[in-house]
Each structure stands twice: as C-alpha cells, then as structure tokens.
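Peer 1: Would you mind keeping the following structure in view while I ask a few things?
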Amino acid sequence: MGKMQLLGVAVAILAVYCVNAKIYFREEFLDGDEWRSRWVNSKHKSDYGEWKLTAGNFYGDAEKDKGLQTSQDARFYATSAHFEAFSNEGKPLVIQFTVKHEQKIDCGGGYVKVFPADLDQTDMHGDSSYYIMFGPDICGYSTKKVHVIFNYKGKNHLIKKEIKCKDDELTHLYTLILNPDQTYEVKIDNEKVESGTLEDDWDFLPPKKIKDPEAKKPEDWDDRPKIDDVDDKKPEDWDKPENIPDPDAKKPEDWEEDMDGEWEPPMIPNPEYKGEWKPKQIDNPNYKGAWVHPEIDNPEYSPDSNIYKFDNIGVLGLDLWQVKSGTIFDNFLICDDVKEAEAIGKETWGVTKEPEKKMKQEQDDAKRKEEEAKVKEQETNEEEEEEEEIDVVTVEKRQAVKRCDPMPLDTRHSSPLVLKRCHVSTHQHNYAAHPPMRQEQPAVKRLKLESISSGGGGGGGGGRVLKQISSNRKCSSPRTSDTEDYDKRRTHNVLERQRRNELKLSFFALRDEIPEVANNEKAAKVVILKKAAECISSMQSDEQRLLSLKEQLRRRSELLKQRLAQLQGSRA
C-alpha cells in the first residue's frame with residue numbers, strides 16, 4: 001500500500017471519528033461578557049454571590065484562562081447554562097471542567113451539577129433535583145474529596161470510595177466518564193485516579209448476597225486463638241500499692257496541727273508497683289477459627305442494566321457554597337467521546353498549566369523574599385531593643401557632679417580641655433558613656449523594671465517611681481532647667497522600660513495561645529502576628545462551615561416538614 005493510500009485511510013478514519021464524536025456543551029468564556037447571555041443566575045434567594053469573569057492573579061494565558069470566579073465571601077452561588085437535550089443511552093457520557101482555588105480555599109464547593117432539561121433555571125437551588133453531581137469539595141482538614149453522586153429512582157447516591165481532590169492553588173482538570181457497560185472512571189489532570197462499576201461502588205441496588213437469617217454460630221464453637229494458662233500463678237510479692245508516702249518529705253516547721261490538722265507526707269509513685277497481674281496466654285487447643293456467617297441469595301435483589309442512563313440531560317449548573325471566595329471555573333465540556341475530551345483537555349488546560357505554574361512560582365518567590373526581609377528586620381529591631389540599655393545612674397552621677405562641685409569661672413575659661421569637657425557633659429546625649437569628671441558619690445540604687453511591675457499597675461506604680469527619683473537627689477541646690485531635664489529623662493527611661501516589658505509579655509501571652517508557635521521561644525513578633533491572623537482566619541472558617549451545616553440541616557428539616565404535611569394531607 002502506497003503512502004497516498006495510507007494517508008487516505010488515515011483521513012477517512014479521522015473523518016469518521018470527528019463525525020461520531022458529539023459535543024453537547026462547551027464553554028470557555030472566550031467572548032468577554034457575552035457569557036451572560038448564555039448563563040442564567042438563580043433568583044431563588046436574594047443574596048446569592050456575584051460571579052465575575054477573570055483569569056485571576058496568576059495564569060498561563062490572560063485571555064484563555066478567563067473563567068467564572070466567585071467574588072464574595074460566605075455566600076451561596078447558583079448559575080446554570082442550558083443546551084439541547086439528549087440521552088446518553090448506549091454511549092459514553094463525559095463531563096469535564098477545570099477548577100482553580102487560587103484563594104487557598106478553606107471551605108467551599110468546586111463541583112458541577114447536571115440537570116434535566118426542564119429545570120427552572122431562575123429557581124435553581126440546593127434541593128433542585130439533578131442527575132449527576134461531580135467535582136471537588138473542600139472543608140477544613142478532614143474534607144478534601146471528589147464528589148461523584150448519581151440520582152437513581154429519585155434518590156441521590158454517593159460513591160462509597162474516597163477520592164482525594166487537589167487542594168493547591170493551581171488550575172486542575174476534572175473528568176468523569178460514564179460508560180454504557182455500567183463502568184465509570186474519574187480522571188484528574190488527564191490521569192485516572194479511580195474506576196470501577198456502578199453496582200459495586202454505589203448502593204443503587206440491594207446486595208446480591210445476604211447473611212442467612214437461619215444460620216447461627218454453634219454453641220460449642222470456640223473462636224478464641226489464645227486462652228489463659230491455668231498453671232500460671234501470681235507471685236506472692238506481686239501486689240504493691242501504686243503510690244506510697246514520700247520518705248524524703250518533712251513536716252514544715254510552721255505546721256500547727258491545731259490549725260492545719262494532722263500532717264501527712266505527699267504521695268509519690270511506687271517504684272515497686274507492677275500493675276494488675278494477668279496470667280500468661282497460651283494457644284487454645286480447641287480453637288476452630290473465626291466463624292463465618294453463611295450467605296444466601298438476596299430475594300430482593302434485581303439487576304438493572306440502565307443505572308447509567310439519563311434520558312433528558314439539558315442543563316449544567318454551579319450550585320455551591322463558599323466561605324472564602326475566589327474559585328475560577330472554566331473549560332466546561334459535555335460530550336460522548338473519551339478521546340475527544342482528552343484532546344480538548346490537552347489543548348486548553350494542557351497548554352496553559354506550565355506557564356501558570358511558572359507565574360505562580362515567581363509570585364511566591366517574590367512574596368517569600370519580602371516576608372523574609374520583614375522577619376529579618378523585625379528580629380534586628382528586637383535585638384536592638386534588647387541590647388539598648390539607658391544608664392540612668394551615669395546620668396545621675398554626671399548631673400550630681402555638675403550641680404554640687406562647680407568649677408571656678410576663671411578656671412573654666414582658662415582651660416580648653418575643661419571647656420571641651422564641660423561642653424560634652426552639657427550637650428552629649430549618650431547616656432551610656434562615662435562621665436567626663438568623676439567624684440565619689442553615695443551609691444544610687446538602679447531602678448529595675450521588676451520593681452515597677454510589682455508595684456501595681458496604673459498611676460500607683462508611676463507615683464512610686466517618681467518618689468524614688470526625688471528621694472535619690474544628693475544636692476540641695478535650687479532646681480534648674482538642667483535638673484528638671486535630668487528628672488524628666490530619667491523618668492522617661494524607667495517608664496519606657498516598663499512599656500517595653502509589658503509589650504513583650506503581651507506578645508509572649510499571644511504566642512502561647514497559638515499552637516504553631518507556642519513552643520518556639522525565639523519566634524519573632526511578625527511571625528507571631530502572622531500566625532495569630534491565620535489562626536483567627538481558620539476559626540472563622542470553621543464557624544462559617546458550622547453555620548453552613550446548620551443552614552443545610554434547617555433546609556432539610558423544612559423540606560421534611562413539607563413532605564410530612566403533604567402525606568398527612570393525602571391520607572386525610
């Protein structure tokens with residue numbers, strides 16, 4: 001066969017393939033705001049969240065990656081698009097779309113629902129009957145799964161397997177394949193993550209086999225693999241008390257039995273205590289193994305070869321709740337050909353995934369460097385604050401020398417060295433420097449932060465500080481502007497130390513309330529504040545999740561009450 005003949009065969013096969021592949025719905029939002037003419041927002045509730053068209057904060061292509069994004073926190077969202085109704089009888093059904101949780105989602109849905117064509121789109125809500133629900137759902141640390149729910153005979157059935165979803169901030173491609181042979185396959189990023197049969201992985205039908213209700217385990221059936229050794233005896237010295245009086249404890253000297261009662265030493269763990277004695281185990285000579293309950297065919301089981309079939313597919317919708325908004329949905333596809341869906345996935349998500357990842361990495365690197373710089377700056381500031389120690393004693397001595405032993409006027413003027421020293425003493429603000437002139441003075445007790453703190457809070461502590469400062473003066477010369485300035489600086493230094501100490505204690509108390517940094521004594525202030533904000537955000541998310549569950553339970557309760565009222569009315 002020549003090259004031209006081979007080419008003709010290939011073209012013919014491709015033509016047949018393209019003709020057989022049927023695309024029922026495809027939406028990539030490539031025409032700007034025109035999407036609003038195709039999608040209908042539900043009016044069932046007045047406070048649904050708003051959708052916006054955007055590629056997000058990072059992307060592979062600014063136009064191709066545009067999709068519908070949730071834009072308001074703690075809201076329900078409900079919108080849908082209609083297409084020509086069809087049945088998947090006798091052919092595969094493929095549902096595919098992309099999801100990007102760029103907001104680092106904590107609690108919210110990322111799934112789609114496929115509805116019958118006769119759905120009232122303006123009244124779509126959480127209790128609207130649907131055919132299929134498929135996609136990721138995340139809430140806290142425990143729920144990170146892919147939903148695959150089918151409606152069968154009016155009841156929604158959840159898959160029995162746990163399929164883990166992606167929980168990062170990048171775009172991911174989700175694909176559900178439903179085959180006429182009652183098999184299914186779930187793919188994430190064009191790779192299979194789960195597969196099986198509808199009958200095995202969902203409770204659509206009663207079980208084929210049930211335990212024989214007539215069968216019972218024989219009374220003499222021994223299913224104990226081990227038994228106690230009857231020849232094993234407890235040692236005579238085994239029993240010891242668990243706790244004993246502390247032999248090293250002594251009665252306090254100020255203990256008064258008339259007032260305090262009879263003194264008893266504290267109890268400590270007994271090093272000779274061995275716990276409860278149990279005889280050793282030996283093999284059971286009468287062991288017959290675990291008894292298996294015999295099974296019989298379930299008379300209520302009846303096979304159904306049409307579980308996979310839905311006759312009136314015509315609407316794809318987004319009906320979900322999100323605590324933190326920012327999820328972007330794009331590249332919706334419903335078709336009947338697995339290869340076609342895989343090819344479309346490669347030409348959309350497959351083309352933009354790497355550039356998106358690169359852009360995200362660049363943003364993360366820049367943010368990390370900025371945070372590292374802030375942490376380093378904060379740590380440097382803290383070190384400087386800890387090392388900074390203003391020496392009020394030196395200042396006091398210097399002022400005492402200046403006030404109590406002034407030099408003669410003519411001496412000061414005649415000595416350049418003395419002039420220089422006097423100038424430094426008067427105007428220098430380096431309080432930690434040695435004073436230019438030394439004279440024996442009575443020792444002055446240096447003020448400590450601990451003494452200020454122990455004196456009580458508020459104005460009382462401040463009054464004691466000022467009182468001690470006044471009492472430490474050693475000269476009786478009249479108050480001058482220099483002595484007043486000295487007192488002010490000294491008071492300021494003491495109160496500043498008190499403020500810094502209280503601030504540090506506040507940060508330590510906050511740190512101990514945050515699990516991630518509670519044991520990190522070297523945690524910087526900026527890290528403590530950041531982790532505290534994250535902790536608050538997490539608690540708020542948990543609160544919103546519980547409120548969401550409460551709302552769902554309330555709605556179910558109302559629905560059950562309505563159905564109960566209808567049944568009671570029909571019986572009447």
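Cβ atoms here come from the backbone N, Cα and C positions, even for glycine.
TrEMBL does not curate its annotations; it predicts them automatically.
As annotated in TrEMBL:
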COILED    543-570  coiled coil
COMPBIAS  209-253  compositional bias 'Basic and acidic residues'
COMPBIAS  353-379  compositional bias 'Basic and acidic residues'
COMPBIAS  380-391  compositional bias 'Acidic residues'
COMPBIAS  454-464  compositional bias 'Gly residues'
COMPBIAS  468-480  compositional bias 'Polar residues'
DISULFID  Cys107-Cys139  disulfide bond
DOMAIN    487-539  domain 'BHLH'
SIGNAL    1-21  signal peptide
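On this model, are these features tucked inside or out on the surface, and what's nearby?
Peer 2: Computed over the coiled coil (543-570), the whole-number mean pLDDT of the model equals 77.
Sequence-distant contacts of the compositional bias 'Basic and acidic residues' (209-253) (same chain, six or more residues past either end, CB-CB distance under 8 Å): 263-270, 272-274, 277-284, 286-291, 293-298.
The number of other Cβ atoms within 10 Å of the Cβ belonging to Cys139 (disulfide bond), over all protein chains shown, comes to 21.
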Peer 1: Which residues, sitting 6 or more apart from Cys107 (disulfide bond) on the same chain, put a CB under 8 Å from its CB?
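Peer 2: Expected: Ile138, Cys139, Gly140, Gln322, Val323, Lys324, Ser541, Asp542, Gln544, Arg545, Ser548.
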